[in-house]
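First comes the structure, then the notes that go with it.
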Amino acid sequence: MNSLYKLNTTNEDELNKICQDIKSKLIETKILDSSDVLDIITTASECNCRYFKSYWTLFKKIYKNSTREVLPGSTVFSYFLNKEFGVDLNFIDMDRIKEYNIQNSSIEVHEENTIYRAIMDDDVKSFIQFTEKDGFNKNQELQSGFYPIPYYKHSLLELCCYHGSINCFNVLRTKFQTKISYYCLLFSFLGKNLEIIKECLKVIKPDKQSMEYAIMSHSIEFVIFLMDEYKLNIDLEACGKYNNIQALLTYIDRTNDINNAFFYSFDFNLLSLWEYLLSHGANIDSRDKDGETVLFRQIENDNTKTVKFLLSHGADCNAKDKSGESSPIHLAVSGKNTKIAKIRISYGADLYFKDSKGRTPLHSAIINKNYEIVELIINSGININAQDDFSDTALDWAVFSGSKKLIKLLISHGADVNSRNKEGKSILHYSASYSNVKINEILISNGAYVNAKDNNGESVLHCAAQQSLPEVIEFLISHGADIKAKDCFDRTPLHYAAKRGRSKNARILISHGIDINEKDINGRTALHQASDNDHVEVAEILILNGADINSQDNSGDTPLHRAAYMNCSKVADLLISHGADINSKDYSGNTPLHYAPSLFDTEIMESLLSHGADINSINHHGDTPLHFAASNDRLKAIEFLISHGANINSRNCERQTALNIASSKNSNEIVEFLLSHGAEND
């Protein structure tokens, strides 16, 4: 790997020899597969792009014998793959590909007779000629996908550092006094020119990212230098990312922390390295700083090879994460890699372990709709009816998922179609609320009780009535659902449909003979519910089918009272147009107009008054609508009522006027208005 990162030849014979070595020593021996090698080549080229043409030659030779089609991690290589082999560029950063097209990017990286080529070759004579041309901009920058940070604009001095071009570097420093930047130091490690590195260190103090670039360089002397002189730790993630085994082993030698090194060694995908570390005492269940085991990480990475290796070498297949809330098997079944899940189960994964939400691996597999894994878990003999912390079973989750195939599978293996959660809801309650007719049919045909009620007395039909699934309503009724069922508040399915504005459901229920004027525990009908929520269409359906428009609830409220109180102007207009008693009084003597001034909007008041509402109607306490408006600090309502003839000095049973009430509430603006309009100030 070091030789790939330090590639410095364009000779075809030498490249053929390198390619042959890669095939015979790495690929054919199965130490690495061709896909791994392609990744290494693309990463190495970013650290040494002067030889991109050579890397591209190696890449093509390996690529032709691989099954790999695209390289999402390298837009430059993807660009040339498309250009030379016509590889599909779906899922690639197309904006960057367009830039390469515009720039007419070449495998030469920089064309002859350009200042960038002069820097790359450290051709100081040509470089000076470019700097002496009219219009030369010493601050010009280059953005290129050939370099480590493709979105970053590199200065001329930074490019000198990257390529180790000391002569061009000195020209910029002496002739133009170009300042050394943070990236100059980083790139100097890749350029490997000690003189440039020393100059950069005079200005910039190395940090963690400096260590990363030293690791990228595959020059172990730079890594050791930063450890000794600047007390920087080796970045183990960078070791794996840039395939630097020597740096990883140096970390172990310096720290004796073989377990941490073992954790990150799996980024190399090298079986021999893992075995070496285990043979030298590495703990196979070692954890990272976040408390994750190696097994957790490799399942997350969807890496079948490493998962199998770890389990075959004794990794704890039931080790929990740091919080104790999840296990590797949950992680495995949550993914799409059936092979990993099978491996985990074959090594004795605890299929009864519950995560932080009380879900078993079976729950997790169903949530992810993985039929093959679900079947595998079921055949392992687990409790198919286990409930999570919300009392939901695997069958509940299958219904939520909408998968008829999973539902049938679970039922065929003994899933209880009448199980209840802690709220008393059955699976059919959920199915009626969220599913199509077919799923409900499967459940009922397998014994699900169509008239099941939850802890609040809600039947399956109540649940369906709330949703926009009229076909489910029809289906349930045709299969024996009790249309007269009442919940613990004596509400029928029609109450539910009216409350949610489900007009189609209301029509179906009415067509099947439901009592349209049935009252709930508060004495309210379905029309009260529709009026409460401004559902005009439902209200009209109810009225046209015989709903009592003046029905009073236990407080004496009619639907019009409720519409006025809830500021439902559309329903109020509908009720009035169908003959609702506009001056009907509740059991406290309030008319709908008493409730309307409690609101900010005057629209309902205007509608009520235009149809004959008594503006000075008095309730049992002697209050008029004007008193109500003052009690609720509604200046706009007061202005409206006064302008329409309300008695400004009307007194209630406590001899209070609207002015008295406003004064007691320190509503100064209202007080001023009332006084200016003739209110008596006593």
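Residue numbers in this text run from 1 along the chain shown.
Note that Cβ sites are derived from N, Cα and C of the backbone, with glycine treated the same way.
Summarising the annotation, TrEMBL assigns domain 'DUF3447' to 176-251.
Feature annotation from TrEMBL assigns repeat 'ANK' to 290-322 (among others).
Model confidence over the repeat 'ANK' (324-356) is summarised by a mean pLDDT of 63. Positions annotated as repeat 'ANK' by TrEMBL: 324-356 (among others).
According to TrEMBL, the feature repeat 'ANK' maps to 357-389 (among others).
Taken from TrEMBL, the feature repeat 'ANK' covers 390-422 (among others). Counting residues 6+ beyond its ends, the repeat 'ANK' (390-422) has Cβ neighbours under 8 Å at 357-358, 360, 362-363, 366-367, 369, 371, 374-375, 378, 384, 428, 430-431, 434-436, 438-439, 442-443, 446-449, 452, 454 in the same chain.
What TrEMBL lists as repeat 'ANK' is 423-455 (among others). Listed by sequence, the residues of this chain that lie at least six past the ends of the repeat 'ANK' (423-455) yet keep a Cβ under 8 A from its Cβ atoms are 391, 393, 395-396, 399-400, 402, 404, 407-408, 411, 417, 461, 463-464, 466-467, 469, 471-472, 475-476, 479-482, 485, 487.
Long-range neighbours of the repeat 'ANK' (456-488) within the same chain, counting only residues 6 or more positions beyond its ends whose Cβ lies under 8 Å from a Cβ of the stretch, are 423-426, 428-430, 432-437, 440-441, 444, 450, 494, 496-497, 499-500, 502, 504-505, 508-509, 512-515, 520. According to TrEMBL, the feature repeat 'ANK' maps to 456-488 (among others).
Feature annotation from TrEMBL assigns repeat 'ANK' to 489-521 (among others).
Counting only same-chain residues 6+ beyond the ends of the repeat 'ANK' (522-554), those with a CB under 8 A from a CB of the stretch are 489, 492, 494-495, 497-503, 506-507, 510, 516, 560, 562-563, 566, 568-572, 574-575, 578-581, 584, 586. The repeat 'ANK' annotation in TrEMBL covers 522-554 (among others).
Look at TrEMBL and you will find 555-587 (among others) tagged as repeat 'ANK'. Mapped onto DSSP helix, strand and coil, the repeat 'ANK' (555-587) counts 16 helix, 0 strand, 17 coil.
With a cut-off of 8 Å between Cβ atoms, the residues of this chain six or more beyond the repeat 'ANK' (588-620) that come close are 555-556, 558, 560-561, 563-565, 567, 569, 572-573, 576, 582, 626, 628-629, 632, 634, 636-638, 640-641, 644-647, 650, 652. According to TrEMBL, the repeat 'ANK' annotation covers 588-620 (among others).
Residues annotated as repeat 'ANK' in TrEMBL: 621-653 (among others).
Here the repeat 'ANK' (654-682) has long-range neighbours at 621-622, 626-627, 629-631, 633, 635, 638-639, 642, 648, meaning same-chain residues at least 6 beyond its ends whose C-beta is under 8 angstroms from one of its own. Taken from TrEMBL, the feature repeat 'ANK' applies to 654-682 (among others).
In the repeat 'ANK' (357-389), the DSSP tally of helix, strand and coil residues is 15 helix, 0 strand, 18 coil. For the repeat 'ANK' (522-554), the number of residues in each DSSP class (helix H, G, I; strand E, B; coil) is 16 helix, 0 strand, 17 coil.
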